[in-house]
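A short write-up of the structure that comes next.
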Amino acid sequence: MQSESQRKGYLMRSLGMSTPVLNRLVFNQPVDDFITDMLRELVALSETTVGKPALCALLEVIRSDVGEDVKISIDELLRQIREELKKQRSHQEIWKCIHTLDGHSDSVLSVAVSPDGRMIASGSRDRTIKLWNLTTGELLTTLTGHSSSVLAVDFSPDRQTLASVSNMEFQDGNIKLWDVRTSRLRQTLGSSLVALRTSCVAFSPDGQTLATGHFDAAIRLWHLNSGKQLRTLRGHGWDVNSVTFSRDGRFLVSGGIDGAIMIWNWRNGERIRTLNRPSDFFDSMVSWFDRSVGSIRSVAISPDGHTIASGGSEQPIKLWNTNTGKEMRIFTEHTDSVNAIVFSPNGKIIASGGEDNTIWIWNYQTGEVINTVKSLNAVNSLAFSHNTKILVSGCQDSKINILSVAL
């Protein structure tokens, strides 16, 4: 590429119209006169990350005018760029939507995958719960009985029972247990909590206890065999948006609209630690006026129990050390509120979805972004299959997307 006009033409085609160095090309400044400045500006504009066309264009231009030793280095860098691009294309092909399930008439607010990986449950603003065949995408049945939006669903560890919770009910309670095999309502809990919204639900690993989070800032624990309430955990200042048990059943984690993340010994009711907010109730109330903290919408625990992930309205995703309560890592890629976050069952990755219509997938131990999946609408809920090969998303547009995963 010895011709000056050829070199300028190549740069203009490759750089597009977003780089300031184009001004110099337009005013006929010789390329050799601004190669150094160009490199500096590309760095300032973050255009020199692997795979960016500006870097490739610049390397190609200067390659023909350097010594053999430098040319070898440039060729090696170009080879690395090609390999990285190949890897990125591979990820895009691997993380692809294999089914879109269309059956709800309003937003899908919650999804869950059965422990055996055969079935998906979805709860919607249309007040119904639907059960789907995960492999074929076939609608198996529709469960009705809630008189308001179904905010959360969860399968019992033995797959025999599905729990669902909803907004305010005016009939017989808003916590319902369904027989998965017969699709019949087995039991209703919380009939005395008529006026209380129940936001979230989770089964304990042994399947004997159900945790529910409520509008009155309480977490309630229920004994499933008797249907009786075991105890109430109090500490949050406002609605409890998310609850989850550690895989070994040692502790429970909750997140609320007050921005607090709480770790509980749920068997004796002791609050072990408070993250993201002062543990003292008064100080927590005062700190609530710090709008930069925002509410917590989703919490998750890594399979080994060592890491807690949180996402919410006004903050990036944060990873916390369970034992020390220290913040370990921050992910800032989402551009709007994070509605859902989940660890893969194999403990290798986390996935998150939010109001910015994206799903982000990370290696949470290194912080590396593995992939980004675009959605047509906000992502409200996420769930992995038991073998980590499938990721299911519930979306604002009433659709459920099933993504294939390969790591």
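From the backbone N, Cα and C atoms, a Cβ is placed for every residue, glycine too.
Taken from TrEMBL, the feature domain 'Effector-associated' covers 2-80. The annotation repeat 'WD' is assigned in TrEMBL to 101-142, 143-188, 201-232, 233-274, 289-330, 331-372.
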Quiz item: Out of 101-142, 143-188, 201-232, 233-274, which stretch touches the repeat 'WD' (289-330) the most, going by CB pairs under 8 Å?
Solution: 233-274
Quiz item: Cβ under 8 Å to the repeat 'WD' (331-372), counting only same-chain residues 6 or more beyond its ends: which ones?
Solution: 91-92, 94-95, 294, 297-304, 307, 309-314, 316-319, 378-388, 391, 393, 403, 405, 407
Practice problem: List the helix, strand and coil residue totals of the repeat 'WD' (233-274) as derived from DSSP. | Solution: 0 helix, 23 strand, 19 coil
Quiz prompt | For the repeat 'WD' (101-142), residues assigned helix / strand / coil by DSSP | solution = 0 helix, 23 strand, 19 coil
